[in-house]
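To keep things clear, I will list the structure first and then write my remarks on it.
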Amino acid sequence: MNKGEEEEYIPPPVEPRGQNQVADSRGTIERNKRRFVEEITKIRLDTDEAENDRRIKENKEKDQRYDDIQTEVHNSYQKNIQIDFTWEELEEKEDCEELAQEIEMQKAKCQSIIQTKEKLIKQFQDTLKGKDAEYHKSLETQSLNIDKLIEIMRRQFNAMRDEYNTQLNEIEAAYKKEREEVLNRNNEEINKLFEKHQKTEEMFLDRRTKDEAKYADELENLRSSEANDQQESKIKLENELQTLQKCMEDMKAVYKLNEEKLDFNLRVLKEREDHNKTQKTNMIKRLNKLKNRKRKLEEDYKKENTKLKNKNIELTNSYKRITLQFKELQKKFRRFKKSDERRFEEIWFMNQNEVYALVNKISQADRVIHEQQLGIEWKPPTDPAFNNPDLKAHVSQTNQNVSVAESQGQSKLDIGDTQSHLTGAEKTEEGKIPISKIKAVFQLLIEEMPYLIEDKIELECQNLDPRTAFKRRLDAVRKSLDITEKTTLYMLVNTFYEYSKNNDEEKSNENEIPIEANDEDEELDIEGYEILDVLRQFQQRKEEYLSNAMLTGNPRSKKRPTFQNEEQKKELDQKAENYIWQKMTTILDERKLSVWKALDSAFAKYYQLLVDRKNLIEDTALLNTQNEELKTLLNQYLHAGVNHELKIPPTQVIRLDM
């Protein structure tokens, strides 16, 4: 035997086709599963997106309806108030023709309100119809989506079943092919062995018996091992087949669950549709009720209109009768008026004495508080109203001064100048305040306080030239500050420059630098945060100026009109009396009242301190008494006879200063 024949035969390796096919089949099935899940998910995402868009649109429409309702409520409320106010005014009218015209206008306004509400109701009805159409469309879309989803599920189920069958067939074919390759390899190996056996049979004739038994055993072992491998492969394939069948059953269960959910959703939508139909029926019934109510109100209105016309005729006749009675009543009124004036004067003088007694009492108390308690100089009130004990004479003198000024041809502005020293609004002629100062003040207000200008005017000024825009802004600031005459305008400029001058003086006092007085070149030195303080001073001065000028009439007109009748004179007297009585309540200004409150609080604390000190003194005396009693009792115990019988008496261990 040569060397090549002695080498053992090595069979070629067999490719594991079955395992590779199983892995490929699993990958294919997983890809199909993901694709099917993505198709179902896409339908759900599209449905969710459409529902989200519908809800967003619904919320916008809901907000719009709410705004429309609120606007309608507000407008109806305003119109109803105006109509009620007009009805109250119509009750006072006496001209029949004018009254009839006003009533027709009231009818038109009421009809306008009713038309507005009917328009809103019609709009809501159209919206309700659109909701019904949208609901039916949503049901149809949902039904189509459900049918499409069921169709996709069926198609996917059939595709998965076909795919599982295909993959199982391919796996089985792969294992069969692998088995054939193994058998072919084994047959080839056996053939090689037989050829080798035949070649070596002659050469190993003596060893034939032994070798034959040996090779027979090896051949039997090889066959049994191949049979076992084939049996294991078959069992493994059967197990995988069972696993795939179980997966298929799970998918069927999932699809069944989804189908039940969709059926449940369909039932819910049907119930909701029934509920909406019920709501629609109720709304139709309500609409019919409202129409019947409207018809009834129109009939009532016609009846009421006829009734009011008849009543108008009766009232016209009654008016003629009452006119005659009124003329007779005027005669009686003149007689009672004289009696009322006499009683009014009696009550006036009685209250006048009480008021002046109370004013004197308050003044004396204020003097005692300032001189005795606070130790500062007391200044009596300088207002002549507090020093004149006859208020009636003071009112008459005030009106007399006004009448004299009118008879001499004085303007109202000149009369108001006599009181300007009280408010700091000194009379300033046009030209005494340079235009540059006025411009500087308004330029500062426009730059530092833009909220005095309305947004609409500010937008208009952006498209104008600087000069015209400045004039528009200046007029807006004057309107916001209620500056309608030159006196208050000059008062505003003087207030700003006085405040600036005070700031310059304070800075010069701090730095010890003298300031040269030059009114023409004076600069406006006011910070932005100080403008509010300046405006408060200006407002206070203007209010004082107007209140003090009340006795001479309205200071905003250039000339004071003469009295046309007795009612105007009576009205002026009433204003003067109200002003004087109001002045009596200002005997204590805010500063003095705050001093009184602070002093009362301090005295209350001082009184409480004395009471606490008294209580502490009483407690101290009581404790001293108790201490003396305890000392006496302890001394008795220490000097008792029983202490001598003790080996260590208490007196040897206790040292007391008795």
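A Cβ is built for glycine as well, from the same backbone N, Cα and C atoms used for every other residue.
Those TrEMBL annotations? Automatic predictions, nothing curated.
Of the given residue ranges 227-254, 479-506, 563-590, 619-646, TrEMBL assigns the label coiled coil to 227-254. Cross-referencing 61-88, 89-116, 369-396 with TrEMBL places the feature coiled coil at 89-116.
TrEMBL assigns the feature coiled coil to one of the listed ranges (4-53, 154-203), namely 154-203. Across 89-116, 154-203, 227-254, the stretch most heavily in contact with the coiled coil (280-318), judged by Cβ pairs under 8 Å, is 89-116.
Here the coiled coil (280-318) returns a mean pLDDT of 90 for the predicted model. Residues of the domain 'Dynein regulatory complex protein 1/2 N-terminal' (47-146) grouped by DSSP class, helix first, strand second and coil last, total 97 helix, 0 strand, 3 coil.
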